[in-house]
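For reference, the structure discussed in these notes is given below.
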Amino acid sequence: MAARVLYWFRTDLRLHDSPALKAALELDPEALYPVWTWDPHYVYHAKVGPNRWQFLLDCQNAVSDGLSQLNSKSRLLVLRESPLTILPKLFKAWNISHLVFEKDTDSYARKRDDEVLAKAKEAGVECIVKYGRTLWDIDDIVGINGGPTMTTTQLQKAGQKIGPPPRPIPAPTSIPPPGDLSLDHVTQDKPGPQYFNADQNQSNRSSEDSTYHAGLRGPKGDFSVPTMEELKMAATTPHRGGENIALEILDKIIKDKEYTATFSKPETAPTAFQPASTCLLSPHMHFGSISCRKFYWDVMDVIEEWEREGKKATEPPRSLTGQIFFREMYFAAQAGIGTYFGQTLHNSKVRYIPWHLQSKHQPNPDDPKKSLSVKGTYHVDSKEAEEWFIRWREGRTGFPWIDTVMIQLKTEGWVHHLARHAVACFLTRGGCYIDWERGAEVFEEWLLDHEISCNAGNWQWLSCTAFFSQYMRIYSPITFPQKTDKEGNYVRHFIPQLKNFPEKYIYEPWKCPIADQRAAGCMIGKDYPKPMFDWKDRKEICIRGMKAAFEAGYHGSDVEVINGEARGIMKERFGDDIEGNADTDGNSKTEEQQQGKGESKNRPTTSKSAKVPAKRGQTTIDAMFARKKVKPEDESEEQG
């Protein structure tokens, strides 16, 4: 009997360099069904903002068009139901002999795929699973490393033992048509109230999601890609998805050999926009509209040619290939730690810091002795901290650099990596002393390129809870952006209230004389907010709190953390230092309130005296190896 293959698209919305698609075609099938299952887990339980939905739909439409170009009878078949229930129905209805898909090591995906594989076995369907989302098979990396990779050095050493990543394979030139698409005797299992009554994305919808209302095959019965209208959302991003767009971007990069060979992430400008200073391929990498192997080898070929000409190329982790290594490191860290990678509780690699606004938890149904963070919920231990969090999220902190980044993030779905670092540091150990899980949830919602592993890993890095330990190295919201945009053009674009402000005050508008504020048409405190606290004061308070937490040495898997005793033990030992509070009443002062204040009796540890050596193989705050000695500054920030 000739093979009848159901190809399940997930993280691989492309036709070029798809090992799983190649494996499907090597079966020489008489029928190939290219399927996407519209999973209610992602529709309702994952925080996905309008911009990322738009990017996904772009990628789906693009791959559908690509399939039709290879065979006029083919297209992406979107089935509007959970894969756990619809795939067994399709096995029977379409007489499927083989199920083929790309491997996914995210925690939810592993559990889902294990259930699907079991159902396929029960139905007598043979399964083929190929890795293609990463350079190497992530489980192989974890096995060789002996656990999660916590540095890029560990990742690269494990990769070297496996060998070079495979070269990319070309896109197919033809594909078989699907067979009979009849589903006459198949009924749709619509999502139940456990989904739509707990819709994490309701705040972004104009009304109730209707993507399941028209049945399995969509409103026209043609397995169409859902629309933003059905999702009841409106996107604002200028960045669009799709394989052709991704390949065009990569081609443009590769043609600029000097840019490709000498790219150095720390030297790119986080303030650059229209165009950005980096390549903007990360969203395509997330949805698989560009192959990471093609990106890697196209770049490596340019570097090899560059070096043959006697020219020096940058090396990882600063180089373009270095950025891929960080992605792989986080994937392998998540795969090695498992379900609890994205939270502090039960995570042996994450330091416990008694942040404000810590997550609420509920028992893990698959592991009842342990608990999972409940998305979008947290303990309000400080009204002040909650106000700071809301203002940070909405871009109303009164610090133009921070607000600009957050406004761009929400509007466009993308900001430069160093801009992400700056706002993450500000929310956690560099200002607000708020739980990194709060910030990770905001990024999960708004980022086009959100990867579960990379997002959690980056927030752990910037909060100094894992991957990085030099907590005294803090981004200044005032001097850091001046390095690349002294004039403040980035701020003026995204915060038009400040467009006429004098250059001298663009990052500190509260210092601008009243007459100049009137002349600029923007009164601070009325047209643009005053800063929500004195940042210099908050920086020192946070450093003092981090020092105490590091001395205590608790991690998320420690008994004292799990049973809730750690915070009390730390407070008894260190006092209010551990909670990042300025005074015993927990009230922080603004810069205006601080003027004329005498020296505190409990002098905080300064950034100069709080010394924590970097661990072996650990990079700087910007995820780059330091290239020169950094001079300590009053407004400390990463120079490397």
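Each residue's number is its place along the chain shown, starting with 1.
Cβ from N, Cα, C; glycine included.
Database features (TrEMBL):
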- 3-135: domain 'Photolyase/cryptochrome alpha/beta' (DOMAIN)
- 149-224: region 'Disordered' (REGION)
- 163-179: compositional bias 'Pro residues' (COMPBIAS)
- T278, C279, L280, L281, S282: FAD binding site (BINDING)
- 573-640: region 'Disordered' (REGION)
- 586-602: compositional bias 'Basic and acidic residues' (COMPBIAS)
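Feature map: annotations from TrEMBL on the structure.
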{"residue": "T278", "record": "FAD binding site", "Cβ contacts under 8 Å, 6 or more apart": "K265, T268, H416, H417"}
{"residue": "C279", "record": "FAD binding site", "Cβ contacts under 8 Å, 6 or more apart": "I249, L250, I253, L320"}
{"residue": "L280", "record": "FAD binding site", "Cβ contacts under 8 Å, 6 or more apart": "H239, I249, W414"}
{"residue": "L281", "record": "FAD binding site", "Cβ contacts under 8 Å, 6 or more apart": "A246, I249, L250, I253, I290, F295"}
{"residue": "S282", "record": "FAD binding site", "Cβ contacts under 8 Å, 6 or more apart": "W414, L448, D449"}
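Same-chain neighbours of the FAD site beyond T278, C279, L280, L281, S282, judged by a C-beta within 8 angstroms of the site's C-beta center, are, in sequence order, I249, A276, P283, H284. Mapped onto DSSP classes, the domain 'Photolyase/cryptochrome alpha/beta' (3-135) shows 61 helix, 25 strand, 47 coil. Residue counts for the compositional bias 'Pro residues' (163-179) by DSSP state, with H, G and I taken as helix and E and B as strand, are 0 helix, 0 strand, 17 coil.
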